[in-house]
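J.: Quick one: this structure, given as structure tokens, is what I'll be asking you about.
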Amino acid sequence: MMSTTEKQNQTNITEFILLGFGDLPDLQVPLFLLFLVIYMMTIMGNILILMLVVANQHLHTPMYFFLSNLSFLEMCSSSTILPKLLASFLTGDRSISYSSCMTQFFIFAFLVGVECYLLAVMSYDRYLAVCKPLHYVTLMNRKLCIALAAGAWVSGFMISFVITLLMSQMVYCDHRAIDHFFCDFTPVIKCSCSDTFLIEAVTSLMSASCTVLPFLFTVASYILIIISILRIPSVTGRQKAFSTSSSHLIVVTIFYTTLILVYMLPKTYNLTDFNKLFSVFYTVVTPMVNPLIYTLRNKEVRGTLRKEVQAFMGLYK
């Protein structure tokens, strides 16, 4: 039975305090400028990718369809966390309402789940392109592309919805300080005075379905891709085959490395700062870096961008 005090505390909890980087008072303005630049580059870079894919017919392929989904996701992900963080640097107000915190977590978890599934789908696309090139167009048709993308978005939504619903049913005590710069699962439930065993068990199980399984699928896909590439007799052929997958492989490596470091590190006080640092990498830096990787390492995107720039410059000659 829930005690009267617990019920009262639950009723009175209307906001949390995101401690974030408040322990660095002298760096608030520099951090604001740094994160503002990152946010602007993230939005502009991903909008550029979307515009190039939409405007150019030869980029209307499965790979770029999934890439445009990823770019849209990255913009949403950054916009879920950074505006609140930027405002806290300027105003010093680190409070966030209970409903806003739950909403932020829901959107964040939703997008992380979608990204895990989407990266797995993209690895499957690369597997078919490299290992089954003669059947690629038939297998990866428009209907399957839409179904895979929709499956990623729906799966991420359902998993996040269930976890957020369980979090909203918990009792939160007077300890409202969240030692993080956004509402993530572990820092939030530390504020609860309810028994967290069930929600942690359910969350671990559901998180595994949207992180571990897609990760293993992605690893298996790339093992098969590498084996297939090594069987190509010519060096030029191997380089060409690998170049089509290298951008995605780099993105996957960065994403999962930082994700593993954040959620596999022991949740001790001494490692809190490291947790925040690695969280910055996969929530803030990765969405900015992804468009750069796909632009700089992909010949088709570079070529399309060069043509667009030349056409734009030609208008002013």
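Just so you know, glycine gets a Cβ as well, placed from its N, Cα and C.
These came from TrEMBL, pasted as-is:
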- 31-55: transmembrane segment (TRANSMEM)
- 45-294: domain 'G-protein coupled receptors family 1 profile' (DOMAIN)
- 62-82: transmembrane segment (TRANSMEM)
- 102-124: transmembrane segment (TRANSMEM)
- 144-167: transmembrane segment (TRANSMEM)
- 205-230: transmembrane segment (TRANSMEM)
- 242-265: transmembrane segment (TRANSMEM)
- 277-296: transmembrane segment (TRANSMEM)
J.: Same-chain Cβ contacts of the transmembrane segment (31-55) under 8 Å, 6 or more residues past its ends?
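T.: Distant Cβ neighbours of the transmembrane segment (31-55) are 21, 24, 64-65, 67-68, 71-72, 74-75, 78-79, 82-83, 85-86, 89-90, 284-285, 287-288, 290-292, 294-295, 301, 304-305, 308.
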J.: Can we call the transmembrane segment (205-230) and the transmembrane segment (102-124) in contact, meaning three or more C-beta pairs below 8 angstroms at a sequence separation of 6+?
T.: yes
J.: Over the domain 'G-protein coupled receptors family 1 profile' (45-294), what does the predicted model average in pLDDT?
T.: 89
J.: With contact taken as 3 or more Cβ pairs under 8 angstroms (pairs 6 or more apart in sequence), are the transmembrane segment (62-82) and the transmembrane segment (242-265) in contact?
T.: no
J.: So if I exclude everything within five residues of the ends of the transmembrane segment (102-124), which remaining residues of that chain have a CB under 8 angstroms from its CBs? That is, six or more out.
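T.: Distal contacts: 63, 66-67, 69-70, 73, 76-77, 80-81, 84, 96, 148-149, 151-153, 155-157, 159-161, 163-164, 167-168, 182-185, 188, 210-211, 214-215, 217-218, 221-222, 248, 251-252, 255, 259, 283.
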